[in-house]
């Protein structure tokens, strides 16, 4: 009887022990080594992506400046850039399988640092040392701050590791913190989409917030897909779980819509603004999603969390300084400035030209603020007068110039 009772007690305790093992993160088998592997893969991937994009850009510029009739996709430089681009994306994709999501996402600042350095190295113009330092001092300071922030992120990043099995991902997906987070995110996304589409609120913050909300779901699904693939390669097949294909479809769909909104933002705003604001918003929202879905900061002490947040802030400031120093593109001027024509005198005695300076506006002859300027400085009006024919056949000019005086 005693043997039978002990056997029944062991059988009753077995499911509980098994459940406890599946929920507990694998902090013993995983260490900072996995964080380092994931961080190095992400840094390598972003570096290669930056080089690949610059190679493809170089291919387009070289073809545009030559008489070569070939298309860009028939050049070896463009294909080399495409190969490096795929290699870099694979590196970033695989990094999510080793390190926590909250650690990998901020490391995209490496691509901004690499682009700034490549732009300075391959610049065509010749600068004097003083002019060079004056022009690129913000870039150097920004690169230094971004590197310091990256070091703090790797050193004090979260160390919570968990095998990406189908059971674990399903459990995270139906947990109440993530469901509440998804409800709030869906409401915010719908409100922003309404203002963007219906109210024509084409503000850069609105568009990039839509990109950031979609991007947070993209990185969550990327980590799930990459983790399940790595676990399957290690011998525990996870590809037969339906959650894998659900995550795969969500990853592709959110990435496509994210690219659509980014393309719309690039048509309205400068690339430097999109890079800085987009990096800050996307990183913040993605870290929040990772902390909610994967519980990245569970068990971390206050010091590590504060130092990680400090690393994010320093990286944000570095990216902002790098992108702030980029030369803005000059928009197309839809008219010819009258004072630029040789032999043309100005209309007013104070040197104000007929055509005002272009202030990134395509409206013809528009001033920034007419109310704050004296009337003498306003453009001359040319009212149309009806043509009247006299009895002697002398025609009157169809218009007359109203001269402004200081008394007026």
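Each Cβ is built from the backbone N, Cα and C atoms, and glycine gets one as well.
Since we're looking at a predicted model, the values are computed, not measured.
For the ranges 15-35, 36-56, the feature annotated in TrEMBL as transmembrane segment maps to 36-56. Remark: the transmembrane segment (274-295) contacts the transmembrane segment (203-231), by the rule of 3 or more CB pairs under 8 A. Counted over residue pairs separated by six or more positions, the transmembrane segment (77-97) shares fewer than 3 Cβ pairs under 8 angstroms with the transmembrane segment (135-154), which leaves the two as not touching. Non-local neighbours of the transmembrane segment (243-262) in the same chain are 166, 169-170, 173, 207, 210-211, 214-215, 217-218, 221-222, 224-225, 228, 274, 278; each lies 6+ residues outside the stretch with a CB under 8 Å from one of its CB atoms. Against the transmembrane segment (135-154), the recorded stretches 36-56, 103-123, 174-196, 301-322 differ in Cβ pairs under 8 Å, and the greatest number is found for 301-322.
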